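**Student:** TrEMBL lists these features:
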- 91-114: transmembrane segment (TRANSMEM)
- 134-156: transmembrane segment (TRANSMEM)
- 258-282: transmembrane segment (TRANSMEM)
- 294-314: transmembrane segment (TRANSMEM)
- 340-362: transmembrane segment (TRANSMEM)
- 383-402: transmembrane segment (TRANSMEM)
- 478-500: transmembrane segment (TRANSMEM)
- 520-543: transmembrane segment (TRANSMEM)
- 550-567: transmembrane segment (TRANSMEM)
Amino acid sequence: SGGTMAAESEAQRELQYEQTLMYGRYTQDLGTFAKDEAARLRLQQGHGEEGNPRPRRPSELLEYTQGRCGPCRVCALQCQRFLISKVGEDWVFLILLGLVMALVSWAMDFAIATCLQAQKWMYGGLDTNVLLQYLAWVTYPTVLITFSAGFTQILAPQAVGSGIPEMKTILRGVVLKEYLTLKTFVAKVIGLTCALGSGMPLGKEGPFVHIASMCAALLSRFLSLFGGFYEVSREGWPWGAPLCPPAGVGSGWEACRALGACLGFAASLAPFFPVPGVLFSIEVTSTFFAVRNYWRGFFAATFSAFIFRVLAVWNKDEETITALFKTRFRLDFPFDLQELPAFAVIGIASGFGGALFVYLNRKIVQFMRRQKTINRFLMKKRLLFPALVTLLISTLTFPPGFGQFMAGQLTQKDTLVTLFDNQTWAKQGLSDEFEYLGILEAWRHPRSNVFVTLVVFIVMKFWMSALATTIPVPCGAFMPVFVIGAAFGRLVGESMAAWFPDGIHTDSNTYRIVPGGYAVVGAAALSGAVTHTVSTAVIVFELTGQISHILPVMIAVILANAVAQSLQPSLYDSIIRIKKLPYLPELGWGHHEKYNVRVEDIMVRDIRYITLNCKYRDLQHVLQSTKMKNLPLVESAESMILLGSIERAQVGALLTHQLSPERRLQALRQKALSLDRHRLSVASICFQV
């Protein structure tokens, strides 16, 4: 013991603080001191009190030494620990997360493309009979949507919808049951694949955020089986401090789920656009985002995007790793400064359009809920509503019918490819001055020009997308809104090209209008207005592979956000309000003075409480004088130290149990038995006397 005290005093002398001219310093580096202390403690633990060396095999390895395969298991465990210590478990987790998300995204895209191709094959093979074409065009998506709705409802109803509102709520510290389970993951993946394979105006990005969050949470739980870094205790938090106030997070597993949700946000959009996917995740999570997860999100997103693009090249979908919607706008003079007012008009109009889309989506849901008869009927026939909506939209988009005025045969991907096209479709309002080739033929109609087609497309797709996103299937709204914004920008670009057929004159040079650039600006502006994000500007840059229109895109996105945020909440906050999720949204414009409101200004002060030494009469008085569902429990009326709370129903149940007729009869029997014993004892005493 004397040697130990001497060693400790020596260690204390080694790490002393001394005052210097400018800053104080320690006499030894803290890291070096910690290593020396750890080595000294290990040396002490390696020898017993009598100097005998202890066995060097760790105690936790003793269970693996039993049996015939004991040495092999010990060797495997030691190799695992060595690899984990060298590579780092967080790197392993991020690599696995990126790999799994890339594989899931690629498999889903392959299945969706196969379904869409099958619909085209059925429609093209029946070109001799229009009625059979219509039946094939309508029946195919109706069957897929109905299967998606039924499968999701049976397996996991939590998989319905986008998933971003629920993830925002979870990241705020609220525990939502069954939202990050394997069952919900399977239902979300299969249901989303069928919904998108139907060709309905639905999006993939929002549900993919939910899928990635579930994947990250399940992966972290799987890695926790091996112990070590991901083994979270009841009070522990993975990777340092929590992402958000742990109001509803009761365990380390819940914290791990929140962490998985945060990284899932970043990895969800990675296969499509890795860098803006991380930025979009920060914006969507609104208030709480741990900066320590910033590089983790970028790493997982980059790895996932790399694997996704390599798989596309391997499947011969692409020749090399390139942008998804490659554009070839001119770089020497992409736009003129005189065009900036037109881009600003796109941003302002997109702000109003985004607010109108959110308002229309919410009103459709509220209308269906307020109609009691319709709501009661649809609750009994849950698959009828998605089937009817799909039938209506498919009928209107039938190419030989009304769909010929709105490019009904094009998928969302083909629509974006055509809208981002470099060439001008119409000059001075004439549709026959441009030679339509390939899929561009869908925008041409012999009895109308391209302006009518674009206007009809925008109006019809607008309310169709708002209606389709209310279907109880896994679906999002980002891509439909993105396509509508691109069409609106294309309409403005074609109008500018018609007003200035020879382009805008600058000095001695003449540059023609590029309507595809206007489509890029409109897509970023409208999607940013609906989601209240600015990172959509970076999304279009990575989608198109060009940043030539960076200034117009930023101007339009900022103006669109300014207008939309002053009129309506974001689409995700609107869904949160519709579902009445426990979430506090940000205060809008004109309400900033409410940030100064304190809890004491709105709290109820006259609270009935119960104490540890209260009597039956006190409990009855509290229950009769208040209707509160929870009653606070304090130590005493003098100290008022809060010990916890108890539900009113529990207090009533306890009183009923304690004062029930059975308990009263039991108490009377015990009392009578005690009296008989007393009498017997008194009689024995008298007999002795």
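Each residue, glycine too, has its Cβ placed from N, Cα and C.
Looking at the shown structure, what environment does each listed feature sit in?
**Tutor:** Through the fold, the transmembrane segment (340-362) approaches residues 462-463, 465-466, 469-470, 477, 481, 484-485, 488-489, 492, 496, 518, 521-522, 525-526, 528-530, 551-552, 555-564, 567-571, 574, 577-578 of its own chain, all at least 6 residues removed from its boundaries and within a Cβ separation under 8 Å.
Counting same-chain residues at least six beyond the ends of the transmembrane segment (550-567), those with a Cβ under 8 angstroms from any Cβ of the stretch are 335, 339-340, 343-344, 346-348, 350-352, 354-355, 358, 517, 520-522, 524-526, 528-530, 532-534, 536-537, 540-541, 588-589.
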**Student:** Is the transmembrane segment (383-402) packed against any residues at least 6 beyond its ends, judged by a Cβ distance under 8 Å, and which are they?
**Tutor:** 123, 130, 133-134, 137-138, 141-142, 145-146, 148-150, 198-201, 368, 377, 408-409, 460, 464, 467-468, 470-473
